[in-house]
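Now, the feature entries from TrEMBL:
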SIGNAL    1-33  signal peptide
REGION    32-58  region 'Disordered'
COMPBIAS  39-58  compositional bias 'Low complexity'
DOMAIN    769-836  domain 'SLH'
DOMAIN    837-903  domain 'SLH'
DOMAIN    904-962  domain 'SLH'
Amino acid sequence: MPDKNHSMARRSAALLATVCTLGSLAVTPIANAAPEPEPSTTQQTTNQPQGNADVNANADGANEADAVANVATVTSPDGQTTSYPTFSAALAASKAGETVTLTANSDESTVRVDKKITVTSVNGAVYSGTMTVHDGATIKGMTFSLTGAAGSNTSVSVQGAGDVKIEGNAFGIAENAAVTGYYGVYVQKGSARVSISNNTFNYPTAAKNHNRTAIYLTGQENTVTDVTVANNTMKVTGAASNKGQTVFIDASGGRNDYGITNLTVTGNTVSATAETKSNATGIYVQGVKGLTFTDNTFTNLSQAVGSGAMPGQNTTSTDIKVGGNDFTGTDTGYGFEKGSVPSGGLTITKPDKVDASRPSQGIVAGVKKSDSDALVTYVSLADAIKDAEDGDTVQLLSSITLDSVMAINKKIILDGQGYALNGQIRLAEKASDSIIQNVKFVLNSTSKMNGWSANIYISAASNVKITNNTFMITADAFMISGKAMGVYVFPNQNAKVDGTQITNNTFDIDGTAGYHIAIHLSNEINDAVPGITNTVISGNTMVAHKGASSEGVFLVSYDKGGKVGVDGVTVSGNQLAAGGSATGGALIDFWGGAKNIDIIGNTFGSGNIGVYLRTQNWGSESAPQENVDIKNNTFNSANGVVVKNGVKTDDDLKYTEYQGTENANKFGANTRPYVGNVDNDTEGATYGVTYRDAADQSLLGWEEVVNGDKVQNVPTKLGYTVTWYKDANVTTPFDPAEDAVTSNITLYAVWAKIPTPVPSPSPDPAPTKSPFIDVIKDKTPHYEDILWLADQGISTGWKEADGTVTFRPATEVNRQDMAAFLYRLAGSPRFDETKAENPFVDVTAETPHYKEILWLYSTGITTGYRNADGTLSFQGLTPVYRQDMAAFLHRLAEYGKAKDPSGKAQSFTDVNGATPHAEDIAWLSRTGVTEGYPDGSFGVGGTVLRQDMAAFLHRMHDNVLK
């Protein structure tokens, strides 16, 4: 039983409260008044008090006070419960350690919780006023819903209190509440150690003219410290408004120092509808030191996190740690006003999930240490680079325009994360081994720089990697000395730049005048020779919409004074096009002073010149190029390779000799493959001769001829005579046997069929002449099949040094050649290898029959080999084994939707259920494509010879595909 005196006093207080409530009277207790009868107690909480035995003995059987409805109870730690007619009466009567339970709705405008008690509610009871909370209180399981009565606009007010817990409550506003501003929980006046967790804040309508704030913290009077906001939910679901904002947390320090310290916000979920998105915000901080903001989810908000400073105050927010948040559907993830968070004041501990989220002004870059996942943020890129150490990663967190050149003189990774950077990054000597990636560079009329007009300027650094960036040079790009460039390698005096890698970037150039260049290598002021070495330019894409009138737009290499300033340039696998009016310049332009140049596997989509090799005399003559290798490229430019006195000797250019080999360059129908020694009529100059069909202008061939010599490699056509002309209108004849070449020229062929003599008597059958000198009737196995292969264009054989053509029938077929055979047998279907998937680590654009291999993979005819590390390889130089050939042909038939064979499978002595591709071998036998060897074996493990391949393919055509 509770202490008797305490129970009697509580009963007196309860009755006094009842009388005051009923009579609207101001009642003053009389000193030393006799106590009222003791109220009854029970072990269970009830909404109505139990009748006292003495009271029940009255005439009416009830006491007036007991007839009043009660709205709250007080329960002692041992379970004794007392009921009260008002919420405030119960709170006033409670003692530390007890629980006050709201059992029915209460609209008292204010109540005070000034003891270390627990306040809760049952039966859906709602409190509609303001609860002021002091030290040690726990508010748990309550339902708050403001109506705006008596000007109330706060549900729970924590004033100067410590160790307060607000847990598992529901906060809301009545739909038609007359609320001017709103605060669910208001923490102020130096409160400390406040936990706000697992609550729900539901707002069925958006704020109208004033802000609604679920949780408001202010340190205007005294510092609020150690507040945790965890695992709460806020939803805004009503129609949008043009004025008011609904805010989850507003943390305003409100002073010139930090009015709020150590605020933790974690695990909360905040959402709005698409209609209320513009009126909903996550958290706003000002004057906070020590904010941890992690693992929250924000959906359909205008902004998740913002920071600012009050007018006339200098307070910023610092020591902020964020990470692991989900900003899906939120317009702005972190939006910090300029100056509101200092450099180093915010650290991103782990990545956030974003969906079109972008940080606002104020935070532009971050530094991630090489040994940590944390990202320390900065208000300027200069600050971030300054604080970064060797091996650190500097990340862009928003798009920026540099006010000046940004120098990097340390080894870092600059990761743009897809954000734009308008300005120049200059890499000095100590920036060697740096990486610049994922930056969207812009060079336009507003670009500010005090050096050459280039987005990246390498003056002394070596082994720099520039990868996966985009470069946009606009028509009005700012230029110094008439140049606007994406990447400029320009060594300082006596400096060397080695090992630059420029890979997988995209260049979008829209220049109208001067030199608008994607990549420029220049050693012109440097006496170190060579100053630029071992440069790799690979896998890039460039489109030039409007090119310079005469100069290169993708790559320019330049030196002067007779020096060879550039040594070792590999240009491979690039996709280059000059559209619109960009037809005046060259896509790759070497002005001299370079050697050991490999131009391999590039596609020149359009433009005037694909590769320009030349010298210049700007004050001093530049040196010619040495050891230039041009192979496996596709030229659709007007001219393939143009030489203007730019190659030291004929032996220094390997280009012509690739014709007819697997390394041959390819040319569009309107491309002149070679133009030699423009403007140079000196003895020994070479010129390009292009051969075309006069009927359709198709390219027949080309060659390089020394000035004054006669052509050597005139195209022929079996069964035809040819007359050559100098013009497409076939009015001016050209005699290859008599006329010398004295300039670059295109010759046009007019063919005339040679009548076939009719023998008498006619032989039966008519003999067929072999196109291959090593394929002889009655001697070469599968002679007729080989001839059929040649007639169908499936095999053209090898052109030998003496001009003859061989088939090499006893040579093994390797896998890459097999790909070409099957592709041609299938009719050479239309296939764009530039858009195809390439899963093979050993297949590049330089691999012979690259297109056919990718086609083979795309059809499922080949799947390649699985390597130990999980990657795939094709192994193009591996011989084709007979069992593998069976599988290839079977899959080709399935690709061509051929009918199932009707023949009977043959049994082979070396084939059983465990034989690789046993089912394919059986299928091949049913088609009649193979009968095996006379000894009854199929030849499992044996390789396929070219003469056998001819037989296989001929039978496949007739028996299966036809």
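Using the three backbone atoms N, Cα and C, a Cβ is placed for every residue, glycine included.
The average pLDDT the prediction assigns to the domain 'SLH' (904-962) is 89. With helix defined as DSSP H, G or I and strand as E or B, the domain 'SLH' (904-962) counts 26 helix, 2 strand, 31 coil. When DSSP labels each residue, the domain 'SLH' (837-903) comes out as 24 helix, 7 strand, 36 coil, counted as helix, strand and coil in that order. Here the domain 'SLH' (769-836) has, by DSSP, the following mix of helix, strand and coil residues: 23 helix, 6 strand, 39 coil.
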